[in-house]
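Trainee: Pulled these from Swiss-Prot:
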type     : residues                                                             : note
BINDING  : Leu20, Gly21, Lys22, Gly23, Ala24, Phe25, Ser26, Ile27, Val28, Lys43 : ATP binding site
ACT_SITE : Asp136                                                               : active site, proton acceptor
MOD_RES  : Thr287                                                               : phosphothreonine
REGION   : 291-301                                                              : region 'Calmodulin-binding'
MOD_RES  : Thr306                                                               : phosphothreonine
MOD_RES  : Thr307                                                               : phosphothreonine
MOD_RES  : Ser327                                                               : phosphoserine
Amino acid sequence: MAAPAACTRFSDNYDIKEELGKGAFSIVKRCVQKSTGFEFAAKIINTKKLTARDFQKLEREARICRKLHHPNIVRLHDSIQEENYHYLVFDLVTGGELFEDIVAREFYSEADASHCIQQILESVNHCHQNGVVHRDLKPENLLLASKAKGAAVKLADFGLAIEVQGDHQAWFGFAGTPGYLSPEVLKKEPYGKSVDIWACGVILYILLVGYPPFWDEDQHRLYSQIKAGAYDYPSPEWDTVTPEAKNLINQMLTVNPNKRITAAEALKHPWICQRERVASVVHRQETVDCLKKFNARRKLKGAILTTMLATRNFSSRSMITKKGEGSQVKESTDSSSTTLEDDDIKEDKKGTVDRSTTVVSKEPEDIRILCPAKTYQQNIGNSQCSSARRQEIIKITEQLIEAINSGDFDGYTKICDPHLTAFEPEALGNLVEGIDFHKFYFENVLGKNCKAINTTILNPHVHLLGEEAACIAYVRLTQYIDKQGHAHTHQSEETRVWHKRDNKWQNVHFHRSASAKISGATTFDFIPQK
């Protein structure tokens, strides 16, 4: 008779601590091993919500992670199955994302990029030596072991990883993150370990200049760029990158997977193994600046898509990355959006894609290929322009409120359209048109005898409505001192519509809520001095 199984219940071996983050069917918590006091990150999966296919993915992820023991890979220490929950106990990595750390550094050079990609290639090479293809290499899965200077880079999230025999290639399904997908995956051809090298090439390109080699807001055009291998090295940012670095990128971003460099070969490339002699050590401030924008963009895209997409694939959405200062959880985000697997793609009888669960779409055959680097930079420029216009709207709104506070009717009329419309408490629910209604308050309440007041705009939200119109919504807090020296504050919620005429912004409509009086009267009813 077999010996009884050892006690493996999670709570018997670990103390659960605070939550680090959560995914669709899982939650990540810090835990402490009772016997040693060591800290780990426990990925806790609610198995009641899983399908049979999800169970297979979970078992595959655990099986693969158990095979991998390398200083540059987030290690799985324990896998515990209970009645309704499965626990995966990983390294607790506390250094955050590699890309976020780079932008916080005082110095960053080509040699630093070489050291980063070397560690990534070491992890990939270990995977490939053990018959594992990661399939989802991207910045979000590159973490740092700790906050210490020179901390090791750790490859995380094996939710999409597969097992292969040797150099065998087959169609293992459509999986990965759009901006990092290889041509063979997009062409739905047999593939293998070389898909990871392609993704490493994309990552190295970003490490050197701060933006990706393939990029387009339209996913159709993005996929066409990738399948054609349409990338370049635009001036001036690439002029200062050594030829050896470009040579390695070219060998990684080779469209033919059979001619693509392997991880072992890449580690022997002069730019990697002889970096002290080959790689430049000049600080790359423009790369850092561009990488900050790249990081912000992918985080924003990820946040938006996380709210839009509820895919069935749980395992690629929740592992270990940053959450606060000392702990990590992983949510899939990227400038090219969400991690995808073929299970997520539902086609109807006509072959069109069900967009209710995924952003993947069919690729048209004839699409004009644009220079991705220039397109990316142009879009960043457009984003900066939009940001500048939002600041314009906030500033002109502040100027209008200042005119009200100071009783400057002339200044008020210059900012407002003559046919300004408004819903406001003073009009008792009626729509007021023109500024004569407001003139009464300027002449009788907001005149020269009005005490100094202070107004604060809270949480301004600006919606740009084309090039010449915008709407701003905000909370307005007004403070003033009455003639007895008592402080008063009241709050109102306001929305203003602005229109640009003759290159000047004018307020054409506003809506103000009734004041929430902490004390005091209405927005226009300020108590004059003696």
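Positions of Cβ are set from backbone N, Cα and C atoms, glycine also.
For each feature listed, report its degree of burial, its nearest neighbours and the pertinent distances within the displayed model.
Mentor: Counting every protein chain shown, 27 other Cβ atoms lie within 10 Å of the Cβ of Val28 (ATP binding site).
The secondary structure of Asp136 (active site, proton acceptor), as reduced to three states from DSSP, is coil rather than helix or strand.
For Thr287 (phosphothreonine), the same-chain residues that are 6 or more apart in sequence and have a Cβ closer than 8 Å to its Cβ are Tyr108, Leu207, Leu208, Val209, Gly210, Glu237.
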Trainee: Fill in the CA-CA distance, Ser26 (ATP binding site) to Asp136 (active site, proton acceptor), as an integer in Å.
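Mentor: Cα to Cα, Ser26 (ATP binding site) and Asp136 (active site, proton acceptor) are separated by 19 Å.
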Trainee: Give me the Cα-Cα distance between Leu20 (ATP binding site) and Asp136 (active site, proton acceptor), rounded to a whole Å.
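Mentor: Each residue's Cα considered, Leu20 (ATP binding site) and Asp136 (active site, proton acceptor) end up 22 Å apart.
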Trainee: Whole-number Å only: compute the distance from the Cα of Asp136 (active site, proton acceptor) to the Cα of Lys22 (ATP binding site).
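Mentor: Asp136 (active site, proton acceptor) and Lys22 (ATP binding site) have their Cα atoms 19 Å apart.
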Trainee: Any idea what the model's mean pLDDT is for the region 'Calmodulin-binding' (291-301)?
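Mentor: So the average pLDDT across the region 'Calmodulin-binding' (291-301) works out to 81.
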Trainee: Other than its own, how many Cβ atoms are within 10 Å of the Cβ belonging to Asp136 (active site, proton acceptor)?
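Mentor: Looking across every protein chain shown, the total is 28.
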